[in-house]
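Student: Below you'll find the structure I mean.
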């Protein structure tokens with residue numbers, strides 16, 4: 001379970017697919033459903049610098065309502081619509097034991113937000 005805070009209220013993330021269902025944790029219960037645009041065309045791993053490879057629970061468009069709120073809370077202003085990785089962890093070396101990704105393997109341009117988000121993510125066509 002992933003908890004997100006918006007304007008001091010807690011929300012519980014129900015799943016990690018690109019379609020995100022968020023449930024408000026205060027009464028009365030409010031449900032928000034967000035759908036996103038398809039991800040960019042996958043690239044091969046050798047097209048990505050290894051320190052940019054991430055395993056993200058989902059990749060969503062920066063204009064998705066859930067992400068616009070989160071980006072605002074983090075003080076991030078983006079130009080244009082950009083694919084954003086959500087709840088990411090780095091993958092250091094492909095093929096070495098312990099580096100598995102059961103979610104979405106992506107190559108991201110900006111990974112400086114402690115795994116909460118990663119900016120400019122493109123799917124990598126590989127099974128880890």
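Yeah, the Cβs are placed from backbone N, Cα and C, and that goes for glycine too.
Because the structure is a prediction, the values reported are computed rather than measured.
Below are the features I grabbed from Swiss-Prot:
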DISULFID  48-107  disulfide bond
DISULFID  55-101  disulfide bond
DISULFID  56-88  disulfide bond
DISULFID  108-121  disulfide bond
CARBOHYD  110  N-linked glycosylation site
Student: When you put residue 121 (disulfide bond) at the centre and draw a 10 Å sphere around its Cα, which of the recorded positions 101, 107, 110 have their Cα inside it?
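Tutor: Checking Cα-Cα distances against residue 121 (disulfide bond), the recorded positions within 10 Å turn out to be 107, 110.
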Student: Given the recorded positions 56, 88, 101, 108, 110, find the one whose Cα is closest in space to the Cα of residue 48 (disulfide bond).
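Tutor: Closest by Cα: 108.
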Student: Just going by other Cβ atoms within 10 Å, which of the disulfide-bonded residues 101, 107 has the emptiest spot?
Tutor: 101
Student: I'm trying to understand the geometry here, so how far is the Cα atom of residue 107 (disulfide bond) from the Cα atom of residue 56 (disulfide bond), in Å to the nearest whole number?
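Tutor: Between the alpha carbons of residue 107 (disulfide bond) and residue 56 (disulfide bond) there are 10 Å.
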Student: Rounded to an integer, what is the Cα-Cα distance in Å between residue 101 (disulfide bond) and residue 56 (disulfide bond)?
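Tutor: Rounded to a whole number, the Cα-Cα distance is 8 Å.
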Student: Are there residues of the same chain, six or more positions away from the residue listed as 'N-linked glycosylation site', whose CB falls under 8 angstroms from its CB, and which are they?
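Tutor: Long-range Cβ contacts: 118, 119, 120.
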Student: Return one of helix, strand or coil for residue 55 (disulfide bond), based on DSSP.
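Tutor: Strand, per DSSP.
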Student: Report, in whole Å, the straight Cα-to-Cα distance of residue 108 (disulfide bond) from residue 88 (disulfide bond).
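Tutor: Residue 88 (disulfide bond) and residue 108 (disulfide bond) have their Cα atoms 10 Å apart.
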